[in-house]
Amino acid sequence: MLNTNKQAAASFQGVYFSYSELPLIRNLSFDVFEGEYVCIVGHNGSGKSTISKLLTGLLKPQAGTIKIFGKTISSENVTYLRNHIGIIFQNPDNQFIGITVEDDIAFGLENRRYTREKMKSIIEDVAQQAGITELLQKEPHNLSGGQKQRVAIASVLALNPAIIIFDESTSMLDPKAKRTIKQFMVELRNQGKCVISITHDMEEVTKADKVLVMNEGRLIRQGKPKDVFNSAAELQKIRLDIPFSLSLSTKVNGVTSTIDYQQLIEAIGKLWKK
(Lines of atoms letter the chains of each structure in order from A and count residues from 1; the text may use other names and numbers.)
(Lines give C-alpha, C1' and ligand atoms only; values in the text may rest on other atoms or scores of the structure.)
Protein backbone atom coordinates (compact mmCIF):
# COMPACT_ATOMS: atom_id res chain seq x y z
CA MET A 1 0.00 0.00 0.00
CA LEU A 2 1.39 3.38 -1.05
CA ASN A 3 2.06 5.67 1.90
CA THR A 4 2.12 9.27 0.67
CA ASN A 5 3.00 10.53 4.17
CA LYS A 6 6.62 9.53 3.52
CA GLN A 7 9.13 11.64 1.64
CA ALA A 8 8.48 11.95 -2.09
CA ALA A 9 10.84 10.12 -4.43
CA ALA A 10 10.65 13.10 -6.80
CA SER A 11 9.06 16.49 -6.21
CA PHE A 12 8.49 19.45 -8.54
CA GLN A 13 7.74 22.71 -6.74
CA GLY A 14 6.68 25.72 -8.83
CA VAL A 15 8.93 24.76 -11.75
CA TYR A 16 9.21 26.94 -14.86
CA PHE A 17 11.22 26.23 -18.00
CA SER A 18 11.29 27.86 -21.44
CA TYR A 19 13.28 27.85 -24.67
CA SER A 20 13.96 31.48 -25.62
CA GLU A 21 10.56 33.14 -25.27
CA LEU A 22 8.55 29.91 -25.55
CA PRO A 23 7.39 28.63 -22.13
CA LEU A 24 7.38 24.81 -22.02
CA ILE A 25 6.75 24.24 -18.31
CA ARG A 26 4.65 26.65 -16.27
CA ASN A 27 4.39 26.58 -12.47
CA LEU A 28 4.57 22.78 -12.31
CA SER A 29 4.15 21.11 -8.92
CA PHE A 30 3.65 17.43 -8.15
CA ASP A 31 5.04 14.58 -6.03
CA VAL A 32 5.67 10.94 -6.94
CA PHE A 33 6.58 8.17 -4.53
CA GLU A 34 8.36 4.83 -4.33
CA GLY A 35 6.00 1.96 -5.10
CA GLU A 36 3.95 4.22 -7.39
CA TYR A 37 3.34 3.82 -11.13
CA VAL A 38 2.72 7.24 -12.69
CA CYS A 39 1.77 8.00 -16.31
CA ILE A 40 2.31 11.45 -17.80
CA VAL A 41 0.08 12.16 -20.80
CA GLY A 42 -0.73 15.10 -23.06
CA HIS A 43 -0.65 16.19 -26.68
CA ASN A 44 2.65 16.70 -28.52
CA GLY A 45 4.38 19.80 -27.17
CA SER A 46 2.51 19.74 -23.87
CA GLY A 47 5.72 19.42 -21.84
CA LYS A 48 5.81 15.67 -21.14
CA SER A 49 9.33 14.93 -22.35
CA THR A 50 10.63 18.20 -20.91
CA ILE A 51 9.68 16.81 -17.49
CA SER A 52 11.92 13.77 -18.00
CA LYS A 53 14.82 16.00 -19.11
CA LEU A 54 14.37 18.18 -16.04
CA LEU A 55 14.20 15.12 -13.78
CA THR A 56 17.39 13.65 -15.17
CA GLY A 57 19.30 16.92 -15.02
CA LEU A 58 19.58 17.40 -18.78
CA LEU A 59 17.71 20.68 -18.38
CA LYS A 60 17.83 23.14 -15.49
CA PRO A 61 14.63 24.82 -14.22
CA GLN A 62 14.60 28.60 -14.56
CA ALA A 63 12.43 28.92 -11.47
CA GLY A 64 11.21 26.57 -8.77
CA THR A 65 12.91 23.46 -7.40
CA ILE A 66 13.13 19.78 -8.25
CA LYS A 67 13.99 17.42 -5.41
CA ILE A 68 14.97 13.76 -5.42
CA PHE A 69 14.34 12.24 -1.99
CA GLY A 70 14.45 15.72 -0.50
CA LYS A 71 17.70 16.80 -2.18
CA THR A 72 17.48 19.67 -4.68
CA ILE A 73 18.83 18.83 -8.14
CA SER A 74 21.83 20.93 -9.12
CA SER A 75 25.00 20.74 -11.21
CA GLU A 76 26.85 19.89 -8.00
CA ASN A 77 25.05 16.61 -7.32
CA VAL A 78 24.98 14.89 -10.71
CA THR A 79 26.36 11.67 -9.21
CA TYR A 80 23.58 11.61 -6.62
CA LEU A 81 21.05 12.08 -9.41
CA ARG A 82 22.47 9.27 -11.54
CA ASN A 83 22.48 6.93 -8.55
CA HIS A 84 18.76 7.45 -8.00
CA ILE A 85 17.28 7.77 -11.52
CA GLY A 86 17.36 5.51 -14.57
CA ILE A 87 15.72 6.19 -17.93
CA ILE A 88 14.65 4.04 -20.88
CA PHE A 89 14.16 6.00 -24.11
CA GLN A 90 11.95 5.42 -27.14
CA ASN A 91 14.95 4.30 -29.17
CA PRO A 92 17.75 2.83 -27.02
CA ASP A 93 20.24 2.42 -29.90
CA ASN A 94 22.25 5.47 -28.87
CA GLN A 95 22.72 3.96 -25.40
CA PHE A 96 24.53 0.87 -26.71
CA ILE A 97 28.31 1.15 -26.62
CA GLY A 98 29.45 -2.42 -25.87
CA ILE A 99 30.31 -5.15 -28.36
CA THR A 100 27.95 -7.54 -26.58
CA VAL A 101 24.89 -7.11 -24.39
CA GLU A 102 26.93 -8.25 -21.40
CA ASP A 103 29.59 -5.61 -22.14
CA ASP A 104 26.91 -2.97 -22.39
CA ILE A 105 25.40 -3.77 -18.99
CA ALA A 106 28.87 -4.02 -17.44
CA PHE A 107 29.87 -0.57 -18.71
CA GLY A 108 27.41 1.16 -16.41
CA LEU A 109 28.80 -0.74 -13.41
CA GLU A 110 32.46 0.12 -13.89
CA ASN A 111 32.37 3.19 -11.66
CA ARG A 112 30.85 1.18 -8.80
CA ARG A 113 34.19 -0.54 -8.06
CA TYR A 114 32.63 -3.97 -7.77
CA THR A 115 34.72 -7.11 -7.89
CA ARG A 116 34.55 -9.12 -11.11
CA GLU A 117 32.49 -11.77 -9.31
CA LYS A 118 30.03 -9.20 -7.94
CA MET A 119 29.61 -7.58 -11.35
CA LYS A 120 29.00 -10.94 -13.00
CA SER A 121 26.38 -11.79 -10.36
CA ILE A 122 24.55 -8.48 -10.92
CA ILE A 123 24.56 -8.92 -14.71
CA GLU A 124 23.20 -12.46 -14.46
CA ASP A 125 20.50 -11.34 -12.03
CA VAL A 126 19.23 -8.39 -14.09
CA ALA A 127 19.44 -10.42 -17.30
CA GLN A 128 17.17 -13.01 -15.73
CA GLN A 129 14.75 -10.32 -14.51
CA ALA A 130 14.56 -8.75 -17.98
CA GLY A 131 14.39 -12.10 -19.77
CA ILE A 132 17.59 -11.60 -21.78
CA THR A 133 19.91 -14.30 -20.39
CA GLU A 134 20.17 -15.93 -23.83
CA LEU A 135 21.09 -12.55 -25.37
CA LEU A 136 24.12 -11.69 -23.22
CA GLN A 137 26.67 -12.62 -25.90
CA LYS A 138 24.70 -11.05 -28.76
CA GLU A 139 25.46 -7.69 -30.38
CA PRO A 140 22.90 -5.12 -29.12
CA HIS A 141 22.38 -3.47 -32.51
CA ASN A 142 21.34 -6.78 -34.10
CA LEU A 143 18.43 -7.34 -31.72
CA SER A 144 14.73 -6.69 -32.30
CA GLY A 145 13.07 -3.55 -30.91
CA GLY A 146 11.56 -5.41 -27.96
CA GLN A 147 14.86 -7.14 -27.16
CA LYS A 148 16.71 -3.81 -27.25
CA GLN A 149 14.26 -2.32 -24.78
CA ARG A 150 14.71 -5.27 -22.43
CA VAL A 151 18.49 -4.81 -22.65
CA ALA A 152 18.03 -1.11 -21.83
CA ILE A 153 15.88 -2.09 -18.84
CA ALA A 154 18.51 -4.58 -17.64
CA SER A 155 21.20 -1.89 -17.90
CA VAL A 156 19.10 0.42 -15.75
CA LEU A 157 18.25 -2.31 -13.23
CA ALA A 158 21.94 -3.13 -12.80
CA LEU A 159 22.41 0.33 -11.28
CA ASN A 160 19.42 -0.24 -8.95
CA PRO A 161 17.86 3.25 -9.13
CA ALA A 162 14.80 4.03 -7.02
CA ILE A 163 13.16 5.97 -9.88
CA ILE A 164 12.82 4.55 -13.39
CA ILE A 165 11.53 6.69 -16.27
CA PHE A 166 10.09 5.17 -19.45
CA ASP A 167 10.07 7.97 -22.05
CA GLU A 168 7.73 6.81 -24.86
CA SER A 169 9.58 3.51 -24.57
CA THR A 170 6.82 1.30 -26.03
CA SER A 171 5.72 3.53 -28.91
CA MET A 172 7.87 1.85 -31.59
CA LEU A 173 7.33 -1.76 -30.49
CA ASP A 174 5.08 -4.49 -31.86
CA PRO A 175 2.05 -5.49 -29.72
CA LYS A 176 3.75 -8.51 -28.12
CA ALA A 177 6.86 -6.53 -27.16
CA LYS A 178 4.66 -3.71 -25.83
CA ARG A 179 2.81 -6.12 -23.54
CA THR A 180 6.10 -7.45 -22.18
CA ILE A 181 7.48 -4.00 -21.36
CA LYS A 182 4.19 -2.78 -19.87
CA GLN A 183 3.99 -5.82 -17.60
CA PHE A 184 7.56 -5.15 -16.56
CA MET A 185 6.58 -1.63 -15.48
CA VAL A 186 3.94 -3.08 -13.17
CA GLU A 187 6.41 -5.60 -11.75
CA LEU A 188 8.93 -2.84 -11.02
CA ARG A 189 6.24 -0.87 -9.20
CA ASN A 190 5.42 -3.98 -7.19
CA GLN A 191 9.11 -4.23 -6.23
CA GLY A 192 8.88 -0.76 -4.70
CA LYS A 193 10.33 1.29 -7.56
CA CYS A 194 8.89 4.65 -8.55
CA VAL A 195 7.93 4.09 -12.19
CA ILE A 196 7.23 7.14 -14.38
CA SER A 197 5.94 6.50 -17.89
CA ILE A 198 5.58 9.25 -20.50
CA THR A 199 3.11 7.71 -22.90
CA HIS A 200 0.20 7.78 -25.32
CA ASP A 201 -0.60 4.11 -24.68
CA MET A 202 -4.13 3.48 -23.42
CA GLU A 203 -3.37 0.24 -21.60
CA GLU A 204 -0.41 1.73 -19.77
CA VAL A 205 -2.57 4.56 -18.46
CA THR A 206 -5.32 2.26 -17.20
CA LYS A 207 -2.79 0.28 -15.12
CA ALA A 208 -1.24 3.37 -13.50
CA ASP A 209 -1.71 4.38 -9.88
CA LYS A 210 -1.71 8.04 -10.85
CA VAL A 211 -2.02 10.03 -14.07
CA LEU A 212 -0.66 13.54 -14.71
CA VAL A 213 -2.29 15.36 -17.64
CA MET A 214 -0.18 18.09 -19.25
CA ASN A 215 -1.53 20.83 -21.52
CA GLU A 216 0.60 23.69 -22.89
CA GLY A 217 3.18 23.27 -20.14
CA ARG A 218 0.69 23.15 -17.29
CA LEU A 219 -0.43 20.26 -15.12
CA ILE A 220 -4.18 20.51 -15.54
CA ARG A 221 -5.36 17.27 -13.95
CA GLN A 222 -3.92 14.52 -11.77
CA GLY A 223 -5.29 11.55 -9.89
CA LYS A 224 -6.32 7.95 -10.39
CA PRO A 225 -7.18 7.02 -14.01
CA LYS A 226 -10.86 6.44 -13.23
CA ASP A 227 -11.10 9.91 -11.67
CA VAL A 228 -9.07 11.81 -14.27
CA PHE A 229 -10.66 10.16 -17.31
CA ASN A 230 -14.27 10.17 -16.16
CA SER A 231 -15.94 11.10 -19.46
CA ALA A 232 -15.22 11.50 -23.16
CA ALA A 233 -16.36 15.13 -22.99
CA GLU A 234 -13.81 15.98 -20.30
CA LEU A 235 -11.05 14.31 -22.26
CA GLN A 236 -11.85 16.34 -25.36
CA LYS A 237 -11.64 19.57 -23.37
CA ILE A 238 -8.05 18.96 -22.33
CA ARG A 239 -6.79 18.52 -25.91
CA LEU A 240 -5.58 14.96 -25.72
CA ASP A 241 -5.67 13.06 -28.99
CA ILE A 242 -9.40 12.37 -29.40
CA PRO A 243 -9.32 8.75 -30.66
CA PHE A 244 -7.01 7.96 -27.73
CA SER A 245 -9.33 9.85 -25.38
CA LEU A 246 -12.51 8.10 -26.45
CA SER A 247 -11.00 4.63 -26.35
CA LEU A 248 -9.40 5.36 -22.98
CA SER A 249 -12.69 6.58 -21.54
CA THR A 250 -14.37 3.39 -22.72
CA LYS A 251 -11.57 1.25 -21.28
CA VAL A 252 -11.58 2.93 -17.88
CA ASN A 253 -15.24 3.72 -17.32
CA GLY A 254 -17.28 2.00 -20.02
CA VAL A 255 -18.12 5.39 -21.54
CA THR A 256 -19.47 5.24 -25.09
CA SER A 257 -19.73 7.98 -27.69
CA THR A 258 -21.98 8.48 -30.70
CA ILE A 259 -19.54 10.80 -32.46
CA ASP A 260 -19.21 9.83 -36.14
CA TYR A 261 -16.02 9.83 -38.20
CA GLN A 262 -16.59 13.21 -39.86
CA GLN A 263 -17.37 14.85 -36.53
CA LEU A 264 -14.22 13.31 -35.13
CA ILE A 265 -12.05 14.75 -37.92
CA GLU A 266 -13.64 18.19 -37.52
CA ALA A 267 -13.20 18.11 -33.75
CA ILE A 268 -9.53 17.16 -34.04
CA GLY A 269 -8.96 19.98 -36.53
CA LYS A 270 -10.57 22.56 -34.25
CA LEU A 271 -8.59 21.46 -31.22
CA TRP A 272 -5.23 21.56 -32.98
CA LYS A 273 -5.92 25.04 -34.38
CA LYS A 274 -6.27 26.47 -30.87
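Just so it is clear, glycine is given a Cβ too, placed from its N, Cα and C backbone atoms.
The annotation domain 'ABC transporter' is assigned in Swiss-Prot to 10-241. Sequence annotations record features per position, and here Swiss-Prot assigns ATP binding site to Gly42, His43, Asn44, Gly45, Ser46, Gly47, Lys48, Ser49 based on sequence analysis.
Locations of recorded Swiss-Prot features on the structure.
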residue	record	Cβ neighbours (10 Å)
Gly42	ATP binding site	25
His43	ATP binding site	19
Asn44	ATP binding site	9
Gly45	ATP binding site	14
Ser46	ATP binding site	24
Gly47	ATP binding site	22
Lys48	ATP binding site	21
Ser49	ATP binding site	19
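Cβ atoms within 8 Å of the centroid of the Cβ atoms of Gly42, His43, Asn44, Gly45, Ser46, Gly47, Lys48, Ser49 (the ATP site) belong to the same-chain residues Thr50, Met214, site residues excluded.
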